Amino acid sequence: MFNLFAKRKKELGTKKDDKTNSRLPKNASPTHYTVCFKPNLEKLTFEASVAIDVTVLENSKHLMINSVDLVMNKVIWEEDVTQNRQEPIEMTPLDKGQFELKFDPFLVPQKGQLRLNFKGSITDKKMMGFYRSKPNPNDNAYHFIAQFEPMDARRCLPCYDDPAIKAEFDVCLIIPKGKTVVGNMPIKARYNHKKTTLLEIVEFKRTPPISTFAVGFVVGNFDFVEARSRDDDIALRVYTPRGKKLQGTFALGVAAEAVTFLASYFSCQFPLPKLDFMVISDFALSSAGSWGLILSRDNNLLLDDESKASCGEKQHVALVICEEIVRQWIGNLVTPEWWNQLWVKSGVAMFISYICMEEVKSEYETSTHFVTEIFRAMHEDSLKSTYPLDTPVHSSLECEEQYDEICYKKGAALFRMLYNFIGEDHFRLGLSKYIIKYKFKNATTGDLWKCFEEASNKPISTLMNSWMNQRGYPMIRVTGKQDGRNRFIKITQEKFTFDQTGSRDIRAEGTWVIPITVTAERDPGAIIFHTLMDTKSQTIVISDIGKNDWIKFNPRVIGFYRTRYSSDMFTTLVHAIRSQNKTLEAVDRLNILDDKFAFLMSGVQGTIIEVLTLTEAFLEDDDYNVWRTVSYIFDKLLRILAYMNLEESFEHFGRYVFSRILERVGYKYLPNEHHHTKLLRPLVFLMMIKFKHREVISRCKAMSDHITSSEEEIPPELRSVLYYCAMERDEEDVVKSFIRIYKESDSVQDKKRIAKAFSAVKEPGLIKQILDFSISEDVCKPGSIDIISSLSRHKDGRALSWNFFKENIAVFKNRYGSFMASKLITVIIEGFAEESFFVDVTEYFKANLFPGTERAVQFGLENIRTNIQLIKRERNPSALRDYLDADAI
């Protein structure tokens, strides 16, 4: 396979000096910044000055700082004691965002101040550094955002832009009067500019020691809602675009509960006097937690009033709020030493957010939802081009590539595994030790493991290092031999990957230290056996087990691995899934199904018919997350079968599988329904529409006819489904009506629903209209990605989206940057299942390098190859067609 990493690796080099030079030398250390910005919001420029208190640690001819696209007007070094001043004799911008100041005479070890006057630009293209965002396409008001994560502080001020170099900040802004301005700390003073009545000066209180990526501020026109946390009286605000403050009420309520809970959970009070949330429409990261100032896309914070928001939308907002607040402790108060440890703060934040949800929104019952998210990470981690969590980072582009499913969700899964390995009390104690010991400082993963070891007296470093230092994850082969009431089970670990080319070598890679847990029919849900597996193979004995009793490894999917059972053991588990009394927990039922599908995709075991036969075992299941997993698998198969001309036959089978759960959930919403029932019904409706179920389509059509012609109220849970049903007609007037609604709607949720529903459109001319609309000024940048991703969900839309991307490559480079483009590239290309597209994608990116997207392209190519190989293995498509048509409804 063409390796897109080859050129970049060559450019980076492999010598130790090349890698260490990507970070600043350690001959000087800052302790405090005084920085003042004067932005010109009309000309999109800014003038600024910064005074950095620096301790020179050794004789130095050079001081190195980070700076990108800044123009230095004047630079002065002044010694503290002698007050001697000198200007650098040379100032040289270098590669990798570094700026060299050369002094003669050289600087001696001492304290001093480096003062720089400089200017720069406010960008309205890429969403990094100091940029502007247009919250409403229908007016000319802008928000101005300074967002520095991960390595963009250097685009706004000369600084030591390294998470391991913390300092205090005093920040002031000179801005037009009447603007809302929010920073990391509360405002200390706000007063008129002496030389003009049009400007005012805003000074913020001094920050505690903080990494540069966590500094931030926003200028614009905002409304806000506010509250105070219950126990520690922290001031909380949610800032929204003008006229939308009530849409921030739900987020504010969750935040107030979450701050209080997390302070107790960590045994550490929130370290700042206030915490603000800012709604930013154009935002590259989904959310970013500057300290005391959380910036997030509008769909993560805003909700139509609660009666108009669906259960799923509320759950999404609550999870985002909880996760971002966790980062205020793990990430800002205690900061990983370098970006190779991004997975630590990301993984802890995601995992703890679900614990927090159990406290603040227990009715959502999100623990099983968490497991389905783990499965998404396992999919990406099954690719050959996956990477170890602790991966060297040498540039901002490599750092941005870390913000993916593996970093967040695999990281979260491993902390969940650790939590269960040492127990809740020891886990909380270890985290508390870590926070208290390293607050306002930096720490390494080794420091964290040591805190957990002290709390639990268990070999945490041995366990966790085996997972963070090697790529991928294991599959456990399980075979059993019955002897009376004992079962002797041989377990063997090997690396799992979708691409089995050279499979012997792949399987032999690595050995993981795996917490093995087992449950069984005699005591469902209880852990009847556990051990720490640190060898390739071992034999265990499970006692008091009948010959036909089921045994399930990895109950509740605590371990990050897949399990391949011998045929006899697998059969007993299928019987348990079919059983009316459901002795297997829902999370274990869906685990068995997801593993089976993964084995199909890899060619390790099974055929499409075998996977579909297994789904029939779930016909009497009522669990939402089980059907969410079935739907995920069916969507994947529907895309692949389109390349085998089996779509219509698969629709027959889909109607058959979903018909019974449709009967049970019904069409009517009842008072006080369970949260999961409210989520399940629209999921079933949507799948039935995709499978062309006449009654569902007829009922939804009757409701959707009112969408574009009146203001008739529609249940929020059904809106996405009805939008999809309406657009599936492929009628130009309907599509144009939804484009108009998208433009005019004040509802963030409605825009997201419409973007998803565009995936129903199949007519090429209409798809092209939607694609053109997606990159117009009427759509914010994240919205563009949503729309194009949606259109790529089926065969025809995927091909058209790919051609559109190639035709507009300059737009995607300049407007969206590598980070957002990476997400889009993978979504567009990963569903292809023909050799011609594999060749086209490969050759295109050979000829059109897009730095920072290499990993995304590689992931996409591997997915194409996996799809192609699956089709090749299905050597009897007529038998598959007969199977699909056998129970046609």
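Placed from the backbone N, Cα and C atoms, the Cβ positions cover glycine too.
Remember, TrEMBL labels are computer predictions, not curated facts.
Pulled from TrEMBL, these are the features on record:
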{"type": "DOMAIN", "residues": "30-213", "note": "domain 'Aminopeptidase N-like N-terminal'"}
{"type": "DOMAIN", "residues": "250-467", "note": "domain 'Peptidase M1 membrane alanine aminopeptidase'"}
{"type": "ACT_SITE", "residues": "GLU324", "note": "active site, proton acceptor"}
{"type": "SITE", "residues": "TYR408", "note": "site 'Transition state stabilizer'"}
{"type": "DOMAIN", "residues": "550-865", "note": "domain 'ERAP1-like C-terminal'"}
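Across the structure, the residue listed as 'active site, proton acceptor' and TYR408 (site 'Transition state stabilizer') are spaced 13 Å apart at their Cα atoms. Cβ neighbours within 10 Å of GLU324 (active site, proton acceptor), excluding its own Cβ and spanning all shown chains: 25. Restricting the average to the domain 'Aminopeptidase N-like N-terminal' (30-213) gives a pLDDT of 95. Annotation for TYR408 (site 'Transition state stabilizer'): spatial neighbours TRP343, SER346, GLY347, MET350, ALA377, criterion Cβ-Cβ under 8 Å with sequence separation of six or more.
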